[in-house]
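Trainee: Pasting in a structure now, in structure tokens, and then I'll have a few things to ask.
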Amino acid sequence: MADRTLRVCALFPDLMNIYADRGNLLLLQQRCAWRGIGFTLTGAGHGDEIDPDGHDLLYLGGGQDRDQQLVAEDLATHKRDAVHAHAARGGAILAVCGGYQLLGRSYELGEEEIPGVGLVDLHTVRHDGERLIGNVAIEVDLPPAGGIGGRRVLAGFENHGGRTHLGPAATPLGRVLKGHGNTGTSGHEGILHGHAVVGTYLHGPLLPKNVWFADWLVARALGIEEPLAALDDTLEDAAHASARRAAGV
Ligand code: GLN
């Protein structure tokens, strides 16, 4: 496995990085290093080209509405074709919170509608009512990669004003066990699309709290089917248990 390298590109890392997005990237880097998998990280900001064949994982982090307004146009026009081509050839995408909202068709903010990159069948509407905030746990059922898959619990934290409505062609990432999820009432959280396109409202240290999910993503991105080398996850398992306890699951 030593000759493998995970090539990550963070989209708009200066604007779409609310909460722990940088930490999620560091976690991927460290777990690759521990396993002898190479790791490269590049960023693509406004006006930058994305090489559709140059990355294994695109990362689009969280952002406030105003950050999303700043990046949406560039993402939906300049970067659109490359993001679609990347996903079509099986490249992985992790999009969190504000980034998740921009994976879809559009984000309605009152009178204004900002475009999404149109990769997945969803749209988001900013709600006047309460923000959906709190610890959250969802049950996912993932296709296998790296010896990981099946039914597992993802635990994290959500904080969003938008309500995300999945279209008929969309598969949610998981079933809400505790918390709000996509709309607060649908019972669904996130989206799972194609080979490895994941959108989720679970932000903050999503990957440090769910290292098995980080491993799944790496394996999926690199097309690794065989079990990944085991690591000492004593601390990481404790972090996961603590996140689940916080959500009451
Ligand atoms: N601006 C979005 C919302 O509030 C996403 C917020 C975020 O990324 N935390 O719905």
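For all residues, glycine too, the Cβ spot is worked out from N, Cα and C.
The shown structure was predicted, so the numbers you read here are calculated from the model rather than taken from an experiment.
As listed in TrEMBL for this protein:
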- C97: active site, nucleophile (ACT_SITE)
- H203: active site (ACT_SITE)
- R131: substrate binding site (BINDING)
- 8-210: domain 'CobB/CobQ-like glutamine amidotransferase' (DOMAIN)
Trainee: Rounded to the nearest angstrom, how far is the Cα of R131 (substrate binding site) from the Cα of the residue listed as 'active site, nucleophile'?
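Mentor: Between the Cα atoms of the residue listed as 'active site, nucleophile' and R131 (substrate binding site), the distance comes to 13 Å.
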Trainee: H203 (active site) to R131 (substrate binding site): how many Å between their Cα atoms?
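Mentor: On Cα coordinates alone, these residues lie 15 Å apart.
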Trainee: When neighbour density is defined as the number of other C-beta atoms within 10 angstroms of a residue's C-beta, which of the recorded positions R131, H203 has the lowest density?
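Mentor: Comparing Cβ neighbour counts within 10 Å for the recorded positions R131, H203 gives R131.
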Trainee: Looking only at Cβ atoms, how many others are within 10 Å of the one on C97 (active site, nucleophile)?
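Mentor: Counting Cβ neighbours of C97 (active site, nucleophile) within 10 Å gives 29.
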